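Student: Structure below; questions to follow.
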Amino acid sequence: MNDNMSEQEYRSLEKEVQLDDLDFSDLEAKYAVNSDFGMDNYVVVDGAPIAPEAKVPILIKVLKKLFNTVGEVVEGDEGIHMPLQDGKSKGYLFVQFKTPQMAEAAIQQLHGKKLDQKHRLLVNKLSDIEKFGAEGNVEIDFHEPEIPPFKSHGYLRSWLQDEQGRDQMALHFSETVGVYYNKKKNDPEPVIEPRKGFTSKYAKFSPLGTYLFSVHPQGVQSWGGDGFQSITKFIHNQVRLIDFSPNEKYMVTLSPLPIALPDDPAERSIFPFGPESNGHKLVIWDMATGEPARTFALPPHLEGQKDMPWPLVKWSHDDKYCARQGPGALAIYETPSFQLLDKKLVKVDDVVDFEWAPAAVHLSDSKVKEGEYILSYWTPESSNQTARVALMQIPSRKVIRTINLFQVSDCKMHWHGEGKFLCVKVDRHTKSRKTFFSNLEFFKVTEKDIPVEKLELKDVVFNFAWEPRSERFITISRLDDGNQNPSIAKNTISFYAPQVSSKGRVTSSKYTCFKEIHDKHSNTVCWSPKGRFVVVATISKSSGELEFYDCSYEEDKPANSKVNGNVKLLKAEKYSGMTNLAWDPSGRFVAAWSSSWAHSIENGYRLFEFTGNMLKDNSIDHFKEFIWRPRPASLLNAADRKKVRKNLREYSAQFDEADAMEADAASREAILLRRKLLEQWRSYRAKHAANGSKKNEVQAEIIEEIKEEIIEEKEEVVE
């Protein structure tokens, strides 16, 4: 072609040439670009070890094996290219996959992958180099990030400042959740307007009552403050179960769906999980930041299991440690790093279950003033080994006590709330395996050498409950005689206590049954959080009953009793639709309810005093749940509590007056008028007494006499 041809001549010539008649197939074949091997098939990997040239083939082999776990790397030298400089690798490489989808999977699953202690791989698209490396695509100048203004949620424990000291409860009915103050016989007082659509599944308070949680398909939402404002959103798709550490520092969530990183980069930038969480289902959240602290995959034996054991993560009393159970091992983590204790598992062959002591344990030979962290676990019998229950001290992992058991079918561990005692309920069988019975093994954890007291029984114990702040306990048992007809009342309620002296001191380590009630249908024990009073209930599909007992009844107590206990049935109430019951934190009231989650019979709730007197019977269609709001531990020290007990009569009169005002409007007006007149009289006296008295005047002594009339007298025993 003539280089001096003008543009006009060139265009004229182009029109004359018929390109359709020309065959370009040989050129197209020679210079064809395979669309399957575009830039989307490549990833660039940073953070790889810098190795000498002689060791580069070995490093490439290791990395290729890793990347083949998420896709298929192209064979040959084209699959992985690792640049060299000065006889060693430069710390990054290029990987070519067969499809863009494989490259995307590598980014999602291996970005942030820890190769060893010093190297973490950073995997990105090769096209991102062009995107972010081109001039003008990324700002060079630094701009201060925009920090949103601080938003106060108010005092999160404001309900504790209620002048009347009332407890709150949440009522869940239909699609609505409301929070109310308990007003005894009167209708509950709304704290907030009941909210429709508040939760998709259920609502739950945190252990100390600071937060209320709602569960949704997108995750979990926390609420708190005076008006239950939105606090934090925890994104976990299709979450089903939630649990909390004792001090509310952490929350655990579980979903049947594995975590999957979004494909869209914008969505991924705000997604709370990284590539290391891909495929995991169990999440531990930091409550203060709202960010995931650690995620876990489910153990293989739990995948696809319909009835999931819960909780899967168990906590020490102060949130310092948490533990998970796996096949033949316990994984114990230290917070807040959530790294394995000593970087290794605690090997326990065939471990079935474990429990943390719910309080610091003061071992007799320990020099730790704050107390020790103790957990218990048990392992079953095998062909050459007996069943075993053990106590382990953490973090030393030292096993401080074990007992061997034989002919064991099951064990349940019941720690006392103060961490001083552990009862292991051992279900045993005869050699023929046709008959079952129970033994109770009591570990006296704070005594020297941790003695173990055995209580052998003929019945099968299916319910055991310690009394709070006491060594007494209750069992419900049934004789295994082959007749399992549930309509026959064969259950026995047994009340136990240690032997004591005349001054109330424990004189024997043996437990004595001081009361038995036979031929009952009862199957549930629910102690007052303050002790002494207990509800023994029957919860079944066909019938329901609550029996209120006083376990320290003084009037009919035998003079020569060797135990600190005397049982009196205060009242029995039928409640055929009952599905659940719970004490309020003060130990003054009991709520029992019939949930529409179980059936549609008499849905609603009933409120009782601790003596069994029914205060309220409220039928509510589609009623689901009654939830008392927990309280944190009292701030009063021993001296403060002693002062309260000393002035209990004075406080009792004030409470009776407040109750009278609340119960009757006329009484309220009379009491307020009396207070007003008394205040006017005191003001008048103060005004004229200031003028003083004249000289030589007869000095008069004013005697003020106030008479009190007792309208009603009620006696309450405060432990």
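From the backbone N, Cα and C atoms, a Cβ is placed for every residue, glycine too.
Pasting the feature list from Swiss-Prot:
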{"type": "REGION", "residues": "1-102", "note": "region 'Sufficient for interaction with HCR1 and TIF32'"}
{"type": "REGION", "residues": "1-228", "note": "region 'Sufficient for interaction with PIC8'"}
{"type": "DOMAIN", "residues": "41-128", "note": "domain 'RRM'"}
{"type": "REPEAT", "residues": "194-233", "note": "repeat 'WD 1'"}
{"type": "REPEAT", "residues": "234-295", "note": "repeat 'WD 2'"}
{"type": "REPEAT", "residues": "305-343", "note": "repeat 'WD 3'"}
{"type": "REPEAT", "residues": "346-388", "note": "repeat 'WD 4'"}
{"type": "REPEAT", "residues": "456-501", "note": "repeat 'WD 5'"}
{"type": "REPEAT", "residues": "517-559", "note": "repeat 'WD 6'"}
{"type": "REPEAT", "residues": "573-618", "note": "repeat 'WD 7'"}
Student: Cβ under 8 Å, sequence separation of at least 6 from the ends of the repeat 'WD 1' (194-233): give me the contacting residues as numbers and ranges.
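Tutor: Residues 153-159, 168, 170-172, 174-179, 239-240, 242, 244-248, 251, 253, 287, 290, 624-625, 627-632.
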Student: Which numbers of helix, strand and coil residues does DSSP report for the repeat 'WD 1' (194-233)?
Tutor: 0 helix, 21 strand, 19 coil
Student: What else in the chain is close to the repeat 'WD 6' (517-559), if you only count residues 6 or more beyond its ends and a Cβ gap under 8 Å?
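Tutor: Distant contacts of the repeat 'WD 6' (517-559): 462-470, 472, 474, 476, 486, 489-495, 565-583, 585-587, 590, 592, 599, 608, 610-612, 717-719.
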Student: Determine how many residues of the repeat 'WD 5' (456-501) DSSP places in helix, in strand and in coil.
Tutor: 0 helix, 24 strand, 22 coil
Student: For the repeat 'WD 3' (305-343), what are the same-chain contacts with Cβ under 8 Å, counting residues 6+ beyond its ends?
Tutor: 241, 243, 245-247, 249-250, 252, 254, 282, 284, 286, 293-294, 296, 299, 349-351, 353-360, 373, 375, 377, 394-395, 397, 419
Student: If you average the pLDDT over the region 'Sufficient for interaction with PIC8' (1-228), what number do you get?
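Tutor: Taking every residue in the region 'Sufficient for interaction with PIC8' (1-228) and averaging pLDDT yields 87.
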